[in-house]
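A.B. asks: Pasting in a structure now, in structure tokens, and then I'll have a few things to ask.
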Amino acid sequence: MFKLENKEKNYLLLKEKKLYQAFLYLALPVMAANLLKSVHDLVDTYFIGQLENSVAAQAGISITWPLLNIFLSLSSGLAIAGVAIISQFLGAKDKESAREYSGLLFILSIGIGLVVNVLLFLFSPLVLHLMGAKGGVYDSGLTYLQVRSFEMVFLFLFTAFQSMRQARGDTVTPVIFSVISILINIVLTALFTSVLNMGVFGAAIATLIGQAAIAPALLFMMFRKSDELSLKKEHLRIKMDTMKKLINIAMPSAVSQALSSLGFLILQTVILSYGEVVAAAFSLGNKVSNLLLIPIMAIGSILAAFVGQNIGASNKERARKSYHISRNIALTLSIVGCILIFPFQSKILRLLTNDAETLKVAMEYMIWVLLTQPLMALFQNYMGVFNGSGNTRYSLIISSVRLWAIRLPLILIFKQFTSLGRSGIWYAMVISNIIVLILAQNLFRNVDFERKA
């Protein structure tokens, strides 16, 4: 159903008059893969939730994500720059330049992935100590981080592959590999945690194997001669002017995501100060939130390719119109998702924890998660148009302001000077999301939809 030739993908991106239909057609495979990924996260959480020390294990794993994301932000920054630049060259019919940047993206992804592997393994004990993790939370977090560190080079490789494909409108191929990886992961997680009783180590090693298993096929497709953007030896050279352009667009996005991840690391540290139960509940609420964000983030990633290719083809009005179409779809999907989840939130959370107090706090958090989803839809849409148009500095501004200038200060103020308790966390999240959307709209007025590549 979703198997499209290159000409058909280009037609959908550049010429299809029914933009709503084109968006959904290209986004559906991404949604499917992301949905399966979230289901996998929930399956992981379910099996971890059945462990004897489930609260400590869930809290330990949850505090590792901001640290993992700090390093993965480098990969995401490169991928966002890759989509922006490669899509603009493809829109301008300059395939050789697109190959050149694809080769550079590949080299940087592998190199940085290896460096991240080493750094994450060596410094995870220190960071967990600084976060205040102790006892079972520390042990679970350290095990999970050090095993996952060996996954980094494979994750960076996949992100580069996905970026190259999405830049030309191919959302299906990355999804196929993602589905294979996730299915391997789910089966091994069940085997390692429930049958072999390997606990957190089993969950982490299952994720590593699932990601590594698809790497050979990714490399084969990148270098396959029949591929539209097949990489050759001459493309695997670092040219300073090429790297400078890629880094100039990648850096704001990478810094943006790194700052966000660092902010969430600090946020997680503050939340952990409220106790293991609140930390575990926050983790559970975020997993359901991520489930709701699946279609929104898929639409945002497709928006970046739409905007990039149309800017490259000098279709400024179509690029601008694609933003408005994307916004409408994202808002509609977020509202419908909240309506569907609301009656079942208790049942969903009960599947993920067997601790009554954790369930109580998670239910409290879920109310705020559902109320703020439409705001997150708008935020992701702004990120998509900023990244696709090459204005990644705007993405840096809104993500940094939301977390560092508003949310974290408010949480600390509420914690130190009010009696709100953990509710101060939820209030700060809502306030920060509202204020940053006002800022994003003002920045959007400066987007000129001109080529940056």
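Glycine is no exception: its Cβ is also placed from the backbone N, Cα and C atoms.
Unlike curated entries, TrEMBL annotations are predicted automatically.
Dumping what TrEMBL says about this protein:
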TRANSMEM  20-36  transmembrane segment
TRANSMEM  70-91  transmembrane segment
TRANSMEM  103-123  transmembrane segment
TRANSMEM  143-161  transmembrane segment
TRANSMEM  173-192  transmembrane segment
TRANSMEM  198-223  transmembrane segment
TRANSMEM  246-271  transmembrane segment
TRANSMEM  291-313  transmembrane segment
TRANSMEM  325-345  transmembrane segment
TRANSMEM  365-382  transmembrane segment
TRANSMEM  394-413  transmembrane segment
TRANSMEM  425-444  transmembrane segment
A.B. asks: When you check the transmembrane segment (143-161) against the transmembrane segment (394-413), do you get at least 3 Cβ pairs under 8 Å, counting only pairs 6 or more apart in sequence?
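C.D. replies: Taking Cβ pairs at least 6 residues apart, the transmembrane segment (394-413) and the transmembrane segment (143-161) are not in contact, as fewer than 3 fall under 8 Å.
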A.B. asks: Please work out which recorded stretch in 20-36, 173-192, 394-413 has the most C-beta pairs separated by under 8 angstroms from the transmembrane segment (325-345)?
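C.D. replies: Against the transmembrane segment (325-345), the leading stretch is 20-36.
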A.B. asks: Who are the long-range neighbours of the transmembrane segment (425-444) in its own chain, taking Cβ under 8 Å and residues 6 or more past its ends?
C.D. replies: 270-271, 282, 323, 364-365, 367-368, 371-372, 375-376, 378-379, 382, 385-386, 391, 394, 397-398, 401-403, 406-408, 410-411, 414
A.B. asks: Residue list, the transmembrane segment (103-123) vs rest of chain: Cβ under 8 Å, 6 or more residues beyond ends.
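C.D. replies: The answer is 67-68, 71, 74-75, 78-79, 81-82, 86, 145-146, 148-150, 152-157, 159-160, 163-164, 222, 231, 235-239, 242-243, 246.
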A.B. asks: Counting only residues 6+ away from its ends, which parts of the chain sit with a Cβ under 8 Å from the transmembrane segment (20-36)?
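C.D. replies: For the transmembrane segment (20-36), the nonlocal Cβ contacts are 2, 9, 12-13, 169, 171-172, 174-175, 178-179, 182-183, 291, 294-295, 297-299, 301-303, 305-306, 322, 325-326, 329.
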A.B. asks: Spell out yes or no: are there three or more C-beta pairs under 8 angstroms between the transmembrane segment (246-271) and the transmembrane segment (394-413), with each pair 6 or more apart in sequence?
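C.D. replies: Stretch pair touches.
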A.B. asks: Given the transmembrane segment (70-91), which of the listed stretches 198-223, 291-313, 365-382, 394-413 has the most Cβ pairs that are under 8 Å apart from it?
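C.D. replies: When the Cβ pairs under 8 Å are tallied, 291-313 comes out ahead.
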